[in-house]
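Encoded as structure tokens, the structure appears first; notes follow it.
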Amino acid sequence: VLSADDKANVKAAWGKLGGHGAEYGAEALGRMFCSFPTTKTYFPHFDVSHGSAQVKGHGAKVADALTTAAGHLDDLPGALSALSDLHAHKLRVDPVNFKLLSHCLLVTLAAHHPAEFTPAVHASLDKFLASVSTVLTSKYR
């Protein structure tokens, strides 16, 4: 459960992304594909090479979904319901992959915003991404 401090940290951190969300989303996906090659199996129709239009496009979708989540911290299940249905019933993504992408997102954010990436912000963003992952996998049962 996100505390009031966590929510404030997430909103502040997300606000500092500016117009870089899609860029960071694509970078995190690229990191995931490179570091965890088995994740590529969910994207057989993608050119998963660095900087491809498909990776950039999906990175933008990831960033948009997380921006939506950051704006609805008190109702993540409601805000992400359609996305949860998609991943559970149509895409059938192995839940562990959300943890892998979350890790890559944290690395990407830390690399771009080292001064703002304090231990408290790191912990809050980690809890936020874990909460999003839990919501996205909640309909797998």
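Numbering starts at 1 and runs along the chain as displayed.
Placement of Cβ uses the backbone N, Cα and C atoms for every residue, glycine included.
Quick look at what Swiss-Prot lists:
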DOMAIN    1-141  domain 'Globin'
MOD_RES   LYS7  N6-succinyllysine
MOD_RES   LYS11  N6-succinyllysine
MOD_RES   LYS16  N6-acetyllysine
MOD_RES   LYS16  N6-succinyllysine
MOD_RES   SER35  phosphoserine
MOD_RES   LYS40  N6-succinyllysine
MOD_RES   SER49  phosphoserine
BINDING   HIS58  O2 binding site
BINDING   HIS87  heme b binding site
MOD_RES   SER102  phosphoserine
MOD_RES   THR108  phosphothreonine
MOD_RES   SER124  phosphoserine
MOD_RES   SER131  phosphoserine
MOD_RES   SER138  phosphoserine
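Structural mapping of features recorded in Swiss-Prot.
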residue : record              : CB count, 10 Å
LYS11   : N6-succinyllysine   : 15
LYS16   : N6-acetyllysine     : 13
SER35   : phosphoserine       : 12
SER49   : phosphoserine       : 10
HIS58   : O2 binding site     : 18
HIS87   : heme b binding site : 21
SER102  : phosphoserine       : 20
THR108  : phosphothreonine    : 22
SER124  : phosphoserine       : 22
SER131  : phosphoserine       : 19
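Each of the modified residues LYS7, LYS40 was scored by other CB atoms within 10 A of its CB, and the lowest score goes to LYS40. Across the domain 'Globin' (1-141), the model assigns an average pLDDT of 94. If you take the Cα of LYS11 (N6-succinyllysine) and the Cα of the residue listed as 'O2 binding site', they are about 22 angstrom apart, rounded to a whole number. Comparing CA positions across the recorded positions LYS7, SER49, HIS87, SER138, the one lying closest to SER124 (phosphoserine) turns out to be LYS7. Across the domain 'Globin' (1-141), DSSP helix (H, G, I), strand (E, B) and coil residues number 104 helix, 0 strand, 37 coil.
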